[in-house]
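One structure below.
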Amino acid sequence: MISIKKVILHQVRMTLKAPFTTSFGTFQDKDFFVVEMIDNAGRTGFGESVAFSSPWYSEETVRTNEHMMKDFLIPLLLEKPLEHPDEVFQRFSGIRRNNMAKAALEGAVWDLYAKRLSVPLAQALGGKKKEIDVGISIGIQSSVQELVRLVENFAEQGYKRMKIKIKPGWDVDVLKEVRKVFPTLPLMADANSAYTLKDLEHLKQLDDLDLKMIEQPLAHDDIVDHATLQRALSTPICLDESIHSLEDTRRAVELGSCKIINIKIGRVGGLSEAKRIHDFCMDRNIPVWCGGMLEAGIGRAHNVALTTLDNFVLPGDTAGSSHYWDEDLIEPEVVVKNGVIHVPDLPGIGYEVNRKALEKLCIKKSVIA
Ligand SMILES: O=C(O)CCC(=O)C1=CC=C[C@@H](O)[C@@H]1C(=O)O
Ligand SMILES: [Mg+2]
């Protein structure tokens, strides 16, 4: 049994090496929670929340995460022991949505569980890969020249796929310029819901660019219009923001809204639901990949472990720690060599938490026992 005795919420502030711009705006400071969970044997599991400080990506924020974890979710975990991390999803089922708060805690339970078994988290999840292919996500840049320079730099580092953010006015022409310089490089676009069906004819031009996919072109809560758009495009649509659960996945697949799913542990409420979406898509030959939320090392470690499952057949957004941070919260940091991450074989998340760095970057600590 997993008997949780104490949960420590470290509210951390880290500054990205470079500002991150999407169709929604730009930010560089990232506040989030490191969840430290201690069991009755004194073992520690770690999770990381991914909600941003403002509700632009989803309705959740750092503040809503804190409220939900402290006032609703942690008390449910402390109520009684757990047989298996899969039970957390059920234990939280009375709480509506708030998936990122749920996932931060459930991730710590999974890490604790794997450490109790003394196996890597990847193995506890059923993953077999010892190495994973990764891509990189490039925010909207100040000029096409700067974008081409970044694509060149990341291609030289061996990243397996370039994700380029687009929005009206920074899309087809920009991608054509990149294609001119890199005629065969695996490319995809992420629109973060910047378009509507009125842009259908405009978006059809993407079909001439040999993109691997176009991610979330339409509204963050839509699967109907995406089905209309997918029927008009030969480029596969990948859904991100629209998919919060296995049920959303089932509906989107039945409607034909997408051909690929970007699975983000925080967006779907944790690793157990992420596995269910993975398995559902594998049974229907729908490829998935692991999206990113600009995580620090603990969240990055969870993404690496999840990506070892068989149907993560497309490179995800799990770039190396040094792409994001001057100093990460884990030792060793996540390193990408020629577009590949070697999966750690230590118990749990497989990386040690750098306590000194955590203390230095922690702006508030709450102990709940
Ligand atoms: O490098 C990463 O962690 C991926 C970053 C990234 O592309 C995104 C993070 C968060 C929201 C979005 O802007 C975007 C995405 O949609 O995947
Ligand atoms: Mg996305």
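Here, residue 1 is simply the first one shown, and the rest follow in order.
Every residue, even glycine, has its Cβ placed from backbone N, Cα and C.
If you look up TrEMBL, you'll see Lys165 marked as active site, proton donor. DSSP gives Lys165 (active site, proton donor) a strand state.
According to TrEMBL, the feature active site, proton acceptor maps to Lys264. With a 10 A radius on its CB, Lys264 (active site, proton acceptor) counts 28 other CB atoms from all the protein chains.
The Mg(2+) binding site feature in TrEMBL is assigned to Asp190, Glu215, Asp240. The 10 Å shell around the Cβ of Glu215 (Mg(2+) binding site) contains 28 further Cβ atoms across the protein chains shown.
Within the domain 'Mandelate racemase/muconate lactonizing enzyme C-terminal' (144-236), the DSSP-based counts of helix, strand and coil residues read 44 helix, 12 strand, 37 coil. For 144-236, the entry in TrEMBL reads domain 'Mandelate racemase/muconate lactonizing enzyme C-terminal'.
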Other CB atoms within 10 A, centred on Asp240 (Mg(2+) binding site): 22
Pairwise CA distance, Asp190 (Mg(2+) binding site) versus Lys165 (active site, proton donor), rounded so that it is a whole Å: 5
Rounded to the nearest Å - Cα separation of Lys165 (active site, proton donor) and Glu215 (Mg(2+) binding site): 9
Mean of pLDDT values spanning the domain 'Mandelate racemase/muconate lactonizing enzyme C-terminal' (144-236): 97
